[in-house]
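*Asks:* Copied straight from Swiss-Prot:
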type: DISULFID; residues: Cys110-Cys187; note: disulfide bond
type: CARBOHYD; residues: Asn2; note: N-linked glycosylation site
type: CARBOHYD; residues: Asn15; note: N-linked glycosylation site
type: LIPID; residues: Cys322; note: S-palmitoyl cysteine
type: LIPID; residues: Cys323; note: S-palmitoyl cysteine
type: MOD_RES; residues: Lys296; note: N6-(retinylidene)lysine
type: MOD_RES; residues: Thr340; note: phosphothreonine
type: MOD_RES; residues: Thr342; note: phosphothreonine
type: TRANSMEM; residues: 37-61; note: transmembrane segment
type: TRANSMEM; residues: 74-96; note: transmembrane segment
type: TRANSMEM; residues: 111-133; note: transmembrane segment
type: TRANSMEM; residues: 153-173; note: transmembrane segment
type: TRANSMEM; residues: 203-224; note: transmembrane segment
type: TRANSMEM; residues: 253-274; note: transmembrane segment
type: TRANSMEM; residues: 287-308; note: transmembrane segment
Amino acid sequence: MNGTEGPNFYVPFSNKTGVVRSPFEYPQYYLAEPWQFSMLAAYMFLLIVLGFPINFLTLYVTVQHKKLRTPLNYILLNLAVADLFMVFGGFTTTLYTSLHGYFVFGPTGCNLEGFFATLGGEIALWSLVVLAIERYVVVCKPMSNFRFGENHAIMGVGLTWVMALACAAPPLVGWSRYIPEGMQCSCGIDYYTLKPEVNNESFVIYMFVVHFTIPMIVIFFCYGQLVFTVKEAAAQQQESATTQKAEKEVTRMVIIMVIAFLICWVPYASVAFYIFTHQGFNFGPIFMTLPAFFAKAAAIYNPVIYIMMNKQFRTCMITTLCCGKNPLGDDEVSASASKTETSQVAPA
């Protein structure tokens, strides 16, 4: 066995020399050098310093400016809330534990940290699914003159939470479990063992199929259809140049969000799947820690992408930060750019 399993942990280090200790009780400096734990703490501090202000600002600016409260923005705000869950429920905890070299909050704290980190990641994934469906319904028009309105956005937000809880809650009630991972300073789903006592194998399969593969299939299908429809509409000049530009800007923004999500989460999911399907494989703590670095960066990129690619939101943010004045003098964007969900790009 290339790892050491305890009642509520799995340390990726053989205990032949007898040095392995519970990650809830002793520093894990036999897994990595102390300076590496310090680097992990510094990275968590950076994510907190960047992640909290930018996501909080996203929420605050939307509350301050009524024009931003569009159905599409409800989903984007949901992403900001998910990111804040990751900041407060995950990053702050990992910062503190990495400074101590082990998970000082015990199994209960591990459950809470793992729950919030998983919840935030799943809300983000399912929010991207809802955004993909919204873009598909609005642009491709599979249901004639359907309009994506406030009630649909609220139902979409509700769906993201239901599906996220369906993934994050089971380990708390006996289906799988949360355990320290990587350098043992943060917690996640147990990908390392089969653990029949908690039916871990069935849960991991369920999670990869329902909460990763299916969402990815939906997203790629929607955007495949969307790209084809937009190209056909542009070729036939079925819409005004202004409407086409507005649709393309929103669609481009959402597609970039999906690409960023894949860059952040696919390495983590791939490594987790590899570990799970290669039980007994000899891997070190850094093998899982590095992909987790990419995954945790997800709390920053969504609001950055939105601010950079949405002129109306960017203008409102600058106005809010500058006490009601915009020193850049940007003109207000047209209604078509802020309410693209009602446009009429016809299907090919």
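Each Cβ is built from the backbone N, Cα and C atoms, and glycine gets one as well.
Quick one: how deep are these features, and who are their neighbours?
*Replies:* Secondary structure at Cys110 (disulfide bond), as computed by DSSP, is helix. If you take the C-beta of Cys110 (disulfide bond) and look for same-chain residues 6 or more apart in sequence within under 8 angstroms, you find Asn8, Phe24, Phe103, Tyr178, Ile179, Pro180, Cys187.
Other Cβ atoms within 10 Å of the Cβ of Cys322 (S-palmitoyl cysteine), summed over all protein chains shown, number 11.
Applying an 8 A CB threshold to same-chain residues 6 or more apart, the list for Cys323 (S-palmitoyl cysteine) is empty.
Within the same chain, residues at least six positions away from Lys296 (N6-(retinylidene)lysine) with a Cβ under 8 Å of its Cβ are Met44, Leu47, Met86, Gly90, Phe91.
Cβ atoms under 8 Å from those of the transmembrane segment (153-173) belong to residues 71-72, 74-75, 78, 82, 111, 114-116, 118-119, 122-123, 126-127, 129-130, 133-134, 189-190, 198, 203, 207, 210-211 of the same chain, restricted to positions at least 6 beyond its ends.
If one looks beyond the transmembrane segment (253-274) by at least 6 residues along the same chain, the residues whose Cβ comes under 8 Å of a Cβ in the stretch are 121, 124-125, 128, 131-132, 135, 189, 191, 208, 212, 219, 223, 281, 287-288, 290-292, 294-295, 297-298, 301-302, 305-306, 309-310.
Listed by sequence, the residues of this chain that lie at least six past the ends of the transmembrane segment (287-308) yet keep a Cβ under 8 A from its Cβ atoms are 12, 40, 43-44, 47, 50-51, 54-55, 57-58, 76, 79-80, 83-84, 86-87, 90-91, 120-121, 124, 181-183, 186, 188, 253, 256-257, 260-261, 263-265, 267-268, 270-272, 275, 314, 317.
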*Asks:* Test of understanding: give the count of other CB atoms lying within 10 angstroms of the CB of Cys187 (disulfide bond).
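*Replies:* Its Cβ has 32 other Cβ atoms within 10 Å.
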